[in-house]
Structure formats: structure tokens, C-alpha cells
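Enquirer: Before we start, here is the structure in question, set down as C-alpha cells.
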Amino acid sequence: MSPNPSQQSSAVAFHPSAAPITLPESATWPLADVLALFELPFNDLMFQAQQTHRAHFPKGDVELATLLSIKTGGCEEDCSYCPQAARYDTGVEAQKILELEQVLDAAREARASGATRFCMGAAWRSPKERDLEKVEAMVRGVKQLGLETCATLGMLEEGQADRLKQAGLDYYNHNLDSAPEFYSNVISTREYQDRLDTLGRVRQAGLKICCGGIVGMGESRQQRAGLIAQLANLNPYPESVPVNHLVQVEGTPLYGIEPLDPIEFVRTIAVARITMPKARVRLSAGRRQMGDAVQAMCFLAGANSIFYGDKLLTTGNPEAGDDLALLAKLGLKTHASTLTEAQKERCGG
């Protein structure tokens, strides 16, 4: 018998927890209200999510975003899900940051295949000065190709977000990963407040925010609701919300954990859509293990963005041709196909 999705057990060791992070009394989406959405009958939840989706995205298009690892492995953090953490034996070797032309070649390929957003990710705690200068050059180069630019570089210090904005960055990705009350199960080398502080610096610099989390790490339904509540109550909530399904990698502490029920993942997408109606809700890691039927339900629930390309940082992803075939089967258009020529020219702006 499969486990009750609302009571998924955790196989992760507990770390000492920091001061609790709580929602303000004036929260737009109190935890109880978000949890109530999760507990709706499935058809009722899907109906409400689809109504919300159609009201805010009448074209019904799906954004294709490509993610490139510009610096792989050797990270000093201890994220329990991550094969790039240096302390875990996962077969991922540390590599130096890519050269500018390597990044631009990948961006050109992404643009040619239909992607409209290009995200650059680095496995480190935070960027050093020499790294930031290289990333700034990458951002400028990708921007000149007419792509929306996104970067995920870990925690940012004062002034770093402003520099990225000046270089032409559109979005900064910095996920919350989980609900605050589950966070100590996942990582001990960074506090939840550190993540919130970085998001504050990003927003203050005038950048758009890409922020989501990971489900299927052993959290309960209430803790999944807690993650969505944290995201929905950011003021304003993120423009992009990547929802990752845990990809279990041998050698990481989360390897072998009980998988999340697929219907519970679809519920998470639907609740994200209802609580953050104008956001691009992105199907991120874990799509290869879902199959077409679960992904189709996710699109019905309000997902309207995917990471596109055969690799996400270090883990596998569906082939680009398979993604395009699935979208065609479902009658879904890509975001690029709905843009006018003028919009395409200023896509990166």
C-alpha cells in the first residue's frame, strides 16, 4: 500500500533549527487557507486552478527556459538533495567556471531550439569578486542574443544584485527549498533567513524573482502548504515559481526516500497557481520520472513553464524533441510562438 501523501515520512537526520520563521498576521494566504486548498477534492482543486490560470494566461502558452551549469560541483554547502555538494560521493567532479564563449554557444543553441529564457547556475555558496565579473560578462552576452536572462548564484552580498541588474540580468533565482519548519532537515550550512535576505536584496535592486522549492523530500502535506504559503506571501510574490520534484541521486542523504505520490505533486502545482495567479509556474527537476500523463495534469493545474533541454545542471531531463511532441499532443503553444516580431526583439528587456 502506498503511503498517505499527507503524512509522508522523512528519512533525513535533523539539524539544529534556528529561530522560527512565521507568517505575518496580515498574510494574504494564511497557512490554514493554503492547506484547505490542498485538501479540496481533486476535481474541485483542478477546476479552481484552471479557472485561475485561464483568467491570467488566456493564451495558454508554455514558456521554455534553458538552464546551464556555468560552474559545476565542489560546493561547500550540505543541501541533502544536491549531488554537487563536495561532501557527498555522487560522482560529480568539481569544474572551473565556464569560459564566456562556451556560455554564449549554449545560449545560441537554446535560442535556436525555441527557448526564450536562459538561466545560468553556479555551485557555490556565494559569488566571489572574480566570479561575479565573469558572470556579468555572461549576462551581457546572453542579453545581446535577445534572451531573457536569469542567474542562480547562491547568496548575494550588498551591492551584488545591483551589479547584476546593471549588467542586464532580468531574473534572479533563489529558492526557499522548503517550509521553514522543515528546512533544518534539508540543510545546516545556511539559514532560512539568509535566503529571505538575499531575496530582499534582489527585489531592492529591481530584479524579477524566480523562487520556488523542492517537494518529495519527506515533508508532510502541511509542510508543502507551508512552502507555498511562504512563497505566496512574499511581497510581491515571485514572477516565476519553479516547483521541483526531488530527483534522488545516489550518495546524497535523500537517496532512497519514499517517493511522493504523483497526484500530490499535481496538487502542489494547482495550489501554487491559485495562490500566485500571475506567476509563471515552472515544472522543473524531476519531469523525466513523471511521464506524459502526470505532466499533462500539471499543465491542466496551471503549470506554464518548463526547463527545456536534456540536462538540468547535473541531472537528466526529457529530450527537447520529446517535450515539443508532448506540447503538440496536448495542443499547447510555446511562449515564443505567441510573440510578435517586435516582442521577440525586446524579449530580453
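Just so you know, the numbers here start at 1 and follow the chain as drawn.
For all residues, glycine too, the Cβ spot is worked out from N, Cα and C.
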Enquirer: According to Swiss-Prot, Cys119, Cys150, Cys210 bind [2Fe-2S] cluster; which of Arg282, Arg287, Arg288 is also listed for that site?
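Expert: For [2Fe-2S] cluster, Swiss-Prot names Cys119, Cys150, Cys210; of Arg282, Arg287, Arg288, the listed one is Arg282.
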Enquirer: Using Cβ-Cβ distances, find the residues under 8 Å from Arg282 ([2Fe-2S] cluster binding site) that belong to the same chain and are at least 6 apart in sequence, listing them in sequence order.
Expert: Glu63, Ala65, Gly212, Ser240, Val241, Pro242, Val243, Ala303, Ser305, Ile306, Phe307
Enquirer: Hey, does DSSP put Arg282 ([2Fe-2S] cluster binding site) in a helix, a strand, or just coil?
Expert: strand
Enquirer: Under 8 Å Cβ to Cβ from Cys82 ([4Fe-4S] cluster binding site), same chain, six or more residues apart: give me those in sequence order, or none if nothing qualifies.
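Expert: Expected: Cys75, Tyr88, Thr252.
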Enquirer: Would you identify the secondary structure of Cys79 ([4Fe-4S] cluster binding site) according to DSSP, in three states?
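Expert: It is coil.
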